[in-house]
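Heads up, the thing below is written out as structure tokens.
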Amino acid sequence: MNRIIFALDVYDYNEALSLSRELSNDVFAIKVNWPLVMNNGISIVKEISRYSNVICDFKIADIDNTNRLITEKARENNAWGIITHSFTGRRSLKAVVSAAGDMKVFSLVSMSQESFIDNYTDDLVKMSMEENVYGLVAPGNRIDILRHIRSMSGDLKIIAPGIGAQGGGITDAIMAGADYVIIGRSIYSDPEPLKKVKSLNEILGDD
Ligand code: 3DU
């Protein structure tokens, strides 16, 4: 079992593909974000999906129709999962869930940095559960908030960024209720990314 989601926040096509190939057996999924997609186009999602589950971290935050259009593009390119904001409200969230089909929808309910979303986290968790998302994004470096979100969210999967470069501890996040931890810089900035992932898996007792 692997509980690391690798945040592939690089620009370069060759680097992205070679990291994906190298790490795919030792991570649960690869998360792509705007920096990679802006430089290479959405088709990079399909290419990486040959090696790993891909989560599109597009933090979708628009009206229902635009949310649908974005979600459909991720789905067309074989994404396994998609991350959406939820503060834009129920109608926007519903559009993502319905366009996602088999893709897993993760709803962001709190950031790893303080934000105005903090004022609405409980409402966002409740709404996300009512709208049948697969999981939530919650901060792995703000442990009390993560624990609180875990206590509210039943068996929804929680994926948690904020580990390593942003100060969070990998075991702290898992102990507080994260199912998976999202890690970027601590892995891809390491001179030996595969060795780094393997050592993190060892800390978690994962193979
Ligand atoms: O800090 P790292 O390099 O380990 O990368 C974390 C990733 O998770 C990065 O893609 C960032 O955009 C994403 N993320 C957060 O860091 C914090 C959030 O609240 C949501 C997403």
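Glycine is treated like the rest: Cβ placed from N, Cα and C.
Feature annotation from TrEMBL assigns active site, for OMPdecase activity to D57, K59, D62. Feature annotation from TrEMBL assigns substrate binding site to D9, K31, G184, R185. Feature annotation from TrEMBL assigns domain 'Orotidine 5'-phosphate decarboxylase' to 3-200.
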Closest of D57, K59, D62 to G184 (substrate binding site), Cα positions, active-site residues only: D57
Cβ under 6 Å from ligand 1: qualifying recorded positions of K59, D62, G184: G184
Under 8 Å by Cβ from K59 (active site, for OMPdecase activity), same chain, sequence gap 6 or more: I83, T84, H85, L108
Binding residues D9, K31, G184, R185 (substrate) - maximum C-alpha distance in whole Å: 12
Fewest other C-beta atoms within 10 angstroms, as judged across D9, D57, which are the recorded positions: D9
By Cα-Cα distance, the member of binding-site residues D9, K31, R185 nearest D57 (active site, for OMPdecase activity): K31
Most crowded position, judged by CB atoms within 10 A, among K31, R185 as binding-site residues: K31
K31 (substrate binding site) to D62 (active site, for OMPdecase activity) - Cα separation in whole Å: 21
Remaining residues near the recorded substrate site, that is with C-beta within 8 Å of the centroid of the site residues D9, K31, G184, R185: F6, A7, L8, N33, I182, I183, I187, Y188
Rounded inter-Cα distance in Å - R185 (substrate binding site), D62 (active site, for OMPdecase activity): 28
Cα distance (Å, whole number) from D9 (substrate binding site) to D62 (active site, for OMPdecase activity): 23
Lowest local Cβ density among D62, G184, which the record lists as recorded positions, within 10 Å: D62
Averaged pLDDT, computed only over the residues in the domain 'Orotidine 5'-phosphate decarboxylase' (3-200): 98
